[in-house]
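J.: Have a look at this one.
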Amino acid sequence: MPVLCSSCAEKRAVLKRPKTGHSLCKECFFWAFEEEVHQTIVAAKLFKPGETVGIAASGGKDSTVLAHVMKVLNERYSYGLELMLLSVDEGITGYRDDSLETVKRNQQQYELPLKIVSYEELYGWTMDAIVKQVGLKNNCTFCGVFRRQALDRGAIMLKVDKICTGHNADDVAETVLMNVLRGDIARLRRCTAISTASEGEGVVPRCKPLKYAYEKEIVLYAYFKKLDYFSTECIYSPNAYRGYARTFLKDLESVRPSSIMDIIHSGENLSVREGVKMPVQGTCNRCGYISSQALCKSCVLLEGLNRGLPKLGIGKHHRLHDKILSQQPLTEKEERKLKSVDF
Amino acid sequence: MAAPIAIHLEFGGGAELLFNGVKEHHVTLPSQSEPWDVKQLLVWIQRNLLKERPELFVQGDSVRPGILVLINDADWELMGELDYQLQDQDNIVFISTLHGG
């Protein structure tokens, strides 16, 4: 017995929306999905007419859908934005080189300019080389930190006013869970923000237009619209901590689909108790990038890589930052702790 | 006795990697006394097609959370999920969402 669309009552429904439980046909689904992103953008005042916006594109499902929807909405509602694609090449053989081919196809399909920045040119290290030194447990820390900065640098090279990323509702909910599990109060407070502040040298403001879009709907949107995207798990990710939060979230979603939105809602409405020590935003003494410590995480990680101390930057070593900055040698005990790596 | 039925299976979003990278499969389910349903199809797939890591495709009686199922281009949640009774020439698509975006 085919179910009729609850919106137009004319056509056959093709999906049941996890957010609302409504059954929609293809056209009503496309409309609802696009409209909701539009409402997200308008309500949060994410863009101003005349701005140049860099769409962080990896060739994956989220960024492909983001690029497509941004283009559609920019035209439909005359946002007046100049859109560009910005891609980061982390140097992961068999993963990133393939997905970048997809981005290049996206560039043709959406007719948008594309800039690719690589870890190799920015830091002198590919992820493949990093994993050889660091192992398979903490490599995601390096990648995430470097990529954030790489996006900013690419954005500055492209001269964009803002960056938008394809983070979806599932991603944000996972991040809330991860920060609770790790006791990271500072991040817990910031992580549900739809856009970041624009202070700091070399930092470009960024936002998440897909923040309230369920991953399931992003995948089905791409499937029904036949959008071209690359879909393989990063070869280094199986040990990432996020995987546990993701599995947990997926199980929660299957029991109660609204839990994803509800977790985001919880995160957005958390307030931190008075007297809780919070990091203060400053700048890195070495490179000037935004940082809450004397040295930004990127500089600390790079220092560790270049000195053969892969654990520098993993865990808390703030006391050592001053030593590193003033180029004092580390004690033998300190060096030993920082060298040990479990593969 | 129900006649054997031809089913067209598709695997996407990375799920195809569990099936030797082959995205499309035309299969014939043998005849049996009761009609085939999706629950039985999953068991059949696990036994006959799944090349590795079954835990990445099935969980308990159902698919692993994060794998979307479409029956004739519609969300299986609209069709009765595991209880949907398969018909000849049905098209079942399994899309994994469990990868970076």
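For all residues, glycine too, the Cβ spot is worked out from N, Cα and C.
Copying in the features that TrEMBL gives for the protein in this structure:
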type	residues	note
DOMAIN	A:53-246	domain 'tRNA(Ile)-lysidine/2-thiocytidine synthase N-terminal'
BINDING	A:ALA56, A:ALA57, A:SER58, A:ASP62, A:VAL88, A:GLY166, A:ASP171	ATP binding site
DOMAIN	A:282-312	domain 'Cytoplasmic tRNA 2-thiolation protein 1 C-terminal'
J.: I'd like to know the mean pLDDT over the domain 'tRNA(Ile)-lysidine/2-thiocytidine synthase N-terminal' (A:53-246).
T.: 90
J.: Once near-sequence residues are set aside, which residues in the chain of A:ALA57 (ATP binding site), 6 or more away, have Cβ atoms under 8 Å from its Cβ?
T.: A:SER63, A:THR64, A:LEU66, A:ALA67, A:LEU85, A:LEU86, A:SER87, A:VAL103, A:ASN106, A:LEU114, A:GLY166
J.: Below 8 Å Cβ to Cβ and six or more residues apart, same chain only. Which residues does that give for A:SER58 (ATP binding site)?
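T.: Listed in sequence order: A:SER87, A:VAL88, A:SER99, A:VAL103, A:GLY166, A:PHE230.
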J.: Taking only same-chain residues 6+ apart in sequence, whose CB is under 8 Å from that of A:ALA56 (ATP binding site), what do you get?
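T.: Residues satisfying the criterion: A:SER63, A:LEU86, A:SER87, A:VAL88, A:LEU151, A:ILE163, A:CYS164, A:THR165, A:GLY166, A:ARG206.
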J.: What does DSSP assign A:ASP171 (ATP binding site), in three states?
T.: helix
J.: Counting other CB atoms within 10 A of each CB, which of the binding-site residues A:ASP62, A:ASP171 comes out lowest?
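T.: Selected from the binding-site residues A:ASP62, A:ASP171 on minimum Cβ neighbours within 10 Å: A:ASP171.
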J.: Please list the DSSP helix, strand and coil residue counts for the domain 'Cytoplasmic tRNA 2-thiolation protein 1 C-terminal' (A:282-312).
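T.: Final tally across the stretch: 10 helix, 4 strand, 17 coil.
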J.: Using Cβ atoms and a cut-off of under 8 Å, determine which of the binding-site residues A:ALA57, A:SER58, A:ASP62, A:VAL88, A:GLY166 neighbour chain B, and list them by sequence position, or give 'none'.
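T.: Qualifying residues, whose Cβ lies under 8 Å from chain B: A:SER58, A:ASP62, A:GLY166.
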J.: I want to verify one value. Collapsing DSSP to three states, which class is A:ASP62 (ATP binding site)?
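T.: A:ASP62 (ATP binding site) sits in a helix per DSSP.
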